[in-house]
Every structure is written in C-alpha cells, then in structure tokens.
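**Q** Can you read through this structure? Questions will come right after.
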Amino acid sequence: MSISLLQQERHRYLPKVPDLLRGDFRRVCARRGLSTTAVADYDALRSLFARTYGQPLVNFVNASEKNEDSPMETAPEPRGLRVAIVLSGGQAPGGHNVIAGLFDGLKRWHADSVLIGFLGGPAGVLSGDHIEICADRVDAYRNTGGFDLIGSGRTKIESESQFAAAAQTVTRMALDALVVVGGDDSNTNAALLAEHFVNSGISTKVIGVPKTIDGDLKNEAIETSFGFDTATKTYSELIGNIARDACSARKYWHFIKLMGRSASHIALECALKTQPNVCLISEEVAAQSLTLAQIVQSLCDTIATRAQHGEHFGIVLVPEGLIEFIPEMKALITELNEVMARRAQEFEALDTPDAQRVWIEQALSASARAVFNALPAEISTQLLADRDPHGNVQVSRIDTERLLILQVTERLAQMKQEGTYTGVFSSIAHFFGYEGRCAFPSNFDADYCYTLGLTACLLAVHRFTGYVASVRNLTSSVAEWAVGGVPLTMLMNMERRHGSQKPVIKKALVDLEGMPFRVFSRRRASWALKTSYVYPGAVQYYGPPAVCDEPSVTIRLERPAPAANSSFGHRSS
C-alpha cells in the first residue's frame, strides 16, 4: 500500500505519556475515591444499575504514594489477558492511537496478552466478527486518522436478544474485558452491557473511552473527548482560508455550518480561533428564546453596518443543530415528529410531494402550520423528506445555513425598500463536517488517545467494570497528566427517547457562564464590525511546542491553572 511522506513520518512519532505510565505497570496502584451518584434521577438509575451504580472514582498512582486514609490496591499477578475493542459511532481523529495504547499496554503487562478488534462497530460484537490485532497491524495505523483498522458502526445494543448475543460472544471468546470507544450513546451502551454482564455472572469487564468531535462528552473528571482538538483545528484552518479569501475579494458573505447537533462547542472553539464577524451559539438562542426573525434581523444589522463602511463581506459560523434551539422551529419539529410517528402510513401512501404538503398542513396545529408555511419551500421540503427510521426529522440534513441566507436575502431586500440598507449582498454556503473527522490527529490528540488506551488497559488489569477512562491535567505538560476511571453511571440521567424514559449519558452543552463563552461574548461586538480575522493555518506536527502541542482554546480557558495534584473524589490525607 502506498502511503504519503507525512504518514511515513507520523508512524515514527512516539506519543508522549504521563510519567506514571512510563514504568512498570506492576508499580501502578488503584486508589478508590468516594462513592458517586448521577447527574439526576438517582432512584431510577439506582434501580436500573443495581450492581454498578454508585461506584467510586478511581485514580491510578505510583506504589510509592502511600496514604493510610486512602488505601491503594496493588496490581494483580501478571497474566495474559484477552481484551477486545470496538469503535462505535462516528469517526474522530485519534481512534487508532487508542488501539495502539491499549495494545502496547497489554503487551507490557504480559507478553501473552491478546487484543481483538470487533469489525464494523457494535454489530461485530453481536455477530462475533473480529480480527486479532497484531503488532504489524497496529504499527501500520499509529498516529493516523480514521477508524479503518477495524471500522465503526452505529448499531445500538438495546434489546434483550442483542444483550444475549453480546453475552454469548464475549463468553465464547473468553474475554477478560471489552473496551467501547464512543460518544454519549455508545458509552451508555457500555454501562448497560456492564450491568448486564454482572447480573448474568459473566466475568468480562466493560470499559468506555470518551470519543466525539462534538466536545459534548465531558465533566469535571473528563476534561475533553478525543478528536475535538484535531477537528476544530482542521475546521479553523478552512475558516481562516475562507476568511482570507473574503478579505481579498471583498464581495462575499460566507455562511459556514459546522458539525455539532446538540452542542455548539465546535462553533465556539472555531470562533475563538478565527474571530469571525458572527458566530451563532445554539444554547444562547435557546436561553434568550430568540426567534428566527430576531436572528435574521441581527445578522442583517451586522451586514448593513459593515456595508456602511464599504465592507460587503463577512464570515458567519452556524452550529449544525441551531434549528432545534429556535423555539418555534423546535416546536414545529416536535409536532412533525409526533404526527409522523402516529400517522406514518397515511403520509407514505400519498404519491406526490404536493399531496404530502397539503396533508401535513392539515395535520399541524395552527401555530405550527404558520411556522411551516413561512419557511422557504426548499427547507420545508427537507423537513418532510429527510427522516430517520423512527420517522423523526434528520436535523443534520437540514441546510440551516441556506435557510439563514434565504431569510437574510429577503429581509435585506425589505430594508433596501425602507432605506436602511444600501449595500450589495452576495452569499456562499459551506458545511464543514466530514473534513475533520478522519484527519491525522494533532500531537495533542495523538498523545491523549494513546494515554487513554494505556488507561483503559489499567482499568482492565485492575478488573474495573462500568467505568470510562479519564485523563486529567490536560493543560499541564503531558508528564503531569493524571489518569483514572469514572463510573459511567455518574454521567447519566433519564431522558425521553422514542416515547419512553431511558437512561442516557447527559450531553454537556456550552456553559453560558463558562469562561470560553464569556471571552467570546466580550469580543464578538468588535469582531462583528471590525474585520479582525485570525488565520490559524494547517495543523502542525513538527516545530515549537507552542505551535504543535497546544490543546484547544476551550480547555485552556476552562482549566488555566491545574493543581499539581488533581486526583479527584478521594479522601484527603
């Protein structure tokens, strides 16, 4: 197979790891902290996870760090372990380094250890479709993007027959542990599997690894999910390139939609990196109950003011999930989903788009109908055409950036007639998503993911189940990073999914009181009127650490001065 010169060089990159993980794993001890609860719905979750709820936080420490008030558990006698890994959900840069870290950790623990990769995501767990990951295989994928070593998938393990199939697979393969690499839904699956295995007397432990470029799987113990750093650096390069083009041509407004359906972390991080004229934050729209008309008017005011200064160009960042945070649009989508769930067969029986449109207008309430009819035809058609297997609107397929362009164009024409706008408006729409999911991981993600793999190995060695690997102190030097495990139930609450209450890991949305948003909100008025673009350039892998190794702006603002010892949840000495 032919590979690029960069890939050849990246194969040689040796990820930096915390000092704790450099030595003999037999010298690494587990220190249990305080028992945990959940985000909310404690009683319901305690009932559903009777065997794994309330487990303590875990910190891994050197055997020399003795503390009588917080005793340590030494590592068991080394033996060969059989561990499997599955990649679940969408791709994120660094997944192959999680596999590499887990593989290297297992071989360091005992030469007879075996790492197995389930193929095609959770479906591979159900079918037993797998490969053994040997040194040659993993070496060919070190520090590379993508999940193509074993593939990924979006199958959810949720029915009784699926749990039984998973149990049969891990039992037949005599697995000591199953490592699930995924986002909130995938790690929710991991928690359910861990509980099921314990209840069934199956010894296989289940361990999660936090993955999502969206950045919405985090809390005090999980400082960031892997892939966010690389993806936002990749998008920011593209935004910077477009901003430079806009500043050169001086005649286009670029509306750029960015991945992030549930949270606006990607848009916010890219805004902090590139300083666009406008960046919409979905969480702020919801908090202020801003209507579509208000958002459009705000955009038009910025465009008109810049035009007065001869600047008929600009950059607007739009989070992918914005449309679901606009109150009247959220109500419309909710009603559409309910109507389609109840009367899907009636809708599907109609043989023309016009007939479907008339039918849906009659089925909607008066308020929802008014919103639906006010939308541009191409957008309302998308609401009806793009639906998931449950009949729900697929929000990610709605061209929100096009919706804004169409509405802004219409409103600016009205403002011209009113005499409040005298400029020229030309627009271009973009969507950046897949461009960032499989990039070569940044040095930060390469180091972080490799460390996550080593940490998952330690959790398997020490026989923990129902935990997600945690690496902290991420704004310190890598040598000072701290590692451990967080009970998955600690991240959970109950939410309504497809008509019933389900246990799920709660998504971390943009905190409007947090430092990243506060810094953004202080500066955005200036960026709106004064062209202040920053051009980050491509992700750098070689050169000064300030250029190559810096983590995201978000995490640096959230955690500017980590404590020297950030062990969490354990009894103080």
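Cβ from N, Cα, C; glycine included.
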**Q** Swiss-Prot has Thr212, Ile213, Asp214, Lys251, Tyr252, Met259, Gly260, Arg261, Tyr434, Glu435, Gly436, Arg437 down as binding substrate; which of Glu320, Glu328, Glu361, Glu495 does it also list for that site?
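**A** For substrate, Swiss-Prot names Thr212, Ile213, Asp214, Lys251, Tyr252, Met259, Gly260, Arg261, Tyr434, Glu435, Gly436, Arg437; of Glu320, Glu328, Glu361, Glu495, the listed one is Glu320.
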**Q** Looking at the recorded positions Asp184, Lys211, Thr212, Gly260, which ones sit with their CA no more than 10 Å from the CA of Gly90 (diphosphate binding site)?
**A** Lys211, Thr212
**Q** I want to check the contact list for Lys211 (site 'Important for catalytic activity'): same chain, sequence separation of six or more, C-beta distance under 8 angstroms. What comes out?
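**A** The answer is Leu87, Gly89, Ala92, Gly94, Gly95, Val98, Val181, Gly182, Gly183, Ser186, Leu217, Ser225, Phe226, Gly227.
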**Q** Can you give me the same-chain residues 6 or more apart in sequence from Gly260 (substrate binding site) with a CB-CB distance under 8 Å?
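**A** Spatial neighbours, sequence-distant, of Gly260 (substrate binding site): Asp214, Gly215, Asp216, Ile266, Ala267, Pro319, Glu320, Gly321.
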**Q** Out of Asp185, Glu320, which of these recorded positions shows the lowest number of other CB atoms within 10 Å of its CB?
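**A** Across Asp185, Glu320, these recorded positions, the one with fewest Cβ atoms within 10 Å is Asp185.
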**Q** Compute all pairwise C-alpha distances among Thr212, Ile213, Asp214, Lys251, Tyr252, Met259, Gly260, Arg261, Glu320, Tyr434, Glu435, Gly436, Arg437, the residues listed as binding substrate, and give the largest one in whole angstrom.
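**A** Looking at Thr212, Ile213, Asp214, Lys251, Tyr252, Met259, Gly260, Arg261, Glu320, Tyr434, Glu435, Gly436, Arg437 as a set, their Cα atoms extend up to 36 Å apart.
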